[in-house]
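What follows is a short report on a single structure.
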């Protein structure tokens, strides 16, 4: 992953309208509690608009699955597959029809067998192609109680890289062959078998694959039986163990030719990395990362990994970067394979981050799953934050948090300031809308906000909250408002105390920041955001923490020597921009010159200054401020080029919090 120190151009935003879409409830620093609300954009707002919404109704709840017994027989020559589904279901109220999700599949026969009763054959299949549903019609009412739904069907191994599809690869001899692989998130399990394809409708799965005997067959669970297929001796029947209760989008199966490397994590989980034939050695770095990562997450969440194995596999044709299927994580080849002789350091860091991200989902997303796609940001934002925590633990030499600020934090701030930004959480209805929210808002801004809250609460209490959340909702579903870290949190303690000196007073005000300029016609809500302050005495340590919950406030900082500078937002953790008074900015220059101001803070300071070039009237003043800061850096040959770039993109629009911090004086 490439890293640029100050000139990231992609970004995200805090939603800004008085209508709450979700609450994250976190205990405050002291006795009270901080209620952080993410707010949606009202219908009158011009900041964000979704395409015209299509009418959509979620699946009825009168019949739901308990277990899917699924048999699939793919044909790697004709690119088709045959399937048999025998699902144990519960009928909650009498009905003469069953509505399921189904797309690009032809149902041959369907029947329902009530427990202890006679089989009832379906008399018709009504496909609603636009909504990707099918209604199975029965001649009599299915009575309340348990039963078995049987469906025979056929489908295509498509070339769309979604659902159950074919993936082209070349073997060492140069011959082109095909694998059969899956990508079900968000709503494409329905292309592999008829199902209740909504994240809240969980069930267990018993999967059997009938495949050529010279191919590798993988699924979410370990193989429990492998035997010749009686109808064709060139095939084998591979049966996998029953999965935990899980959502359909996490089901996966792969049939192809692969090599692998194997190890065990310290907590006894079998880890394999599958690679193209002849490239097994390129999987060893990912194997190292995975075997370190599983125990880290187990300890961090205080919840063990619930499956006996985990496979990581490189897929030749893969649309996403990676997919967190439970127990069988699929990757694009560039996100998993490392050539030990030729791959650069940035490639290693990228693989480490992607592996850390997907393995985090095994708990946060798979064990506890979002109730609906509206809550995707919490799934992806959390994994996008903790992947850095994990990599920092495994490879501290990477200084990965500085790269987070460059790759995710500044990206989120910039996009958040655009006029066409959108809330961190977006209401999703029709499945066609789901892909629209897999963007940097869900990932980078979500990660940045969670990082800020983690820092405010403190790691110990944050971990307690994660443990309580996972234990309460394991094998279930949850929405954003259900995430409530532990009640006993006391926040971070101040650590730089006891030195005598002068006191300083800061006046701090908050205002919404728009890259296109001030918006005086809008009502700007106040956010409750933690602000931390450090001094040159110890730039890595927070001297004071305050919670700004009003338009402005004055803060008294005690025991600060007159020649010490003050820095807001040490570590560049708080998700806001800072506009210093000229005097405060001047006082920071010595810390830039002698490098006592940490790299991550120098990066944040430069990024804020560039972004504040948002209106013509301020241009000369802001240009002078940037020149003073850059002039403190011993690299005069690049200063003018950087400044020219900043000025050339000053009209790049952007919407976000502007924090204006002015030094009120010394007492």
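Glycine too: its Cβ is placed from the backbone N, Cα and C atoms.
Just so it is clear, the model here is predicted, and its values are computed rather than measured.
If you look up TrEMBL, you'll see 358 marked as active site, proton acceptor. Under 8 Å, Cβ to Cβ, and six or more positions away along its own chain, residue 358 (active site, proton acceptor) finds 312, 322, 323, 324, 329, 331, 383.
The Cβ of residue 357 (Zn(2+) binding site) lies under 8 Å from the Cβ of 322, 324, 383, 384, 387, each of which sits 6+ residues away along the same chain. Positions annotated as Zn(2+) binding site by TrEMBL: 357, 361, 380.
Among the features that TrEMBL reports, domain 'Aminopeptidase N-like N-terminal' is placed at 65-250. For the domain 'Aminopeptidase N-like N-terminal' (65-250), the model's average pLDDT works out to 96.
Residues or ranges marked as domain 'Peptidase M1 membrane alanine aminopeptidase' in TrEMBL: 285-484.
Residues near residue 443 (site 'Transition state stabilizer') in space but far in sequence (CB under 8 A, at least 6 apart, same chain), listed by position: 380, 381, 384, 408. Residues or ranges marked as site 'Transition state stabilizer' by TrEMBL: 443.
Around residue 361 (Zn(2+) binding site), the same-chain residues at least 6 positions away in sequence with a Cβ under 8 Å from its Cβ are 324, 379, 383. Its Cβ placed at the centre, residue 380 (Zn(2+) binding site) has 24 other Cβ atoms within 10 Å.
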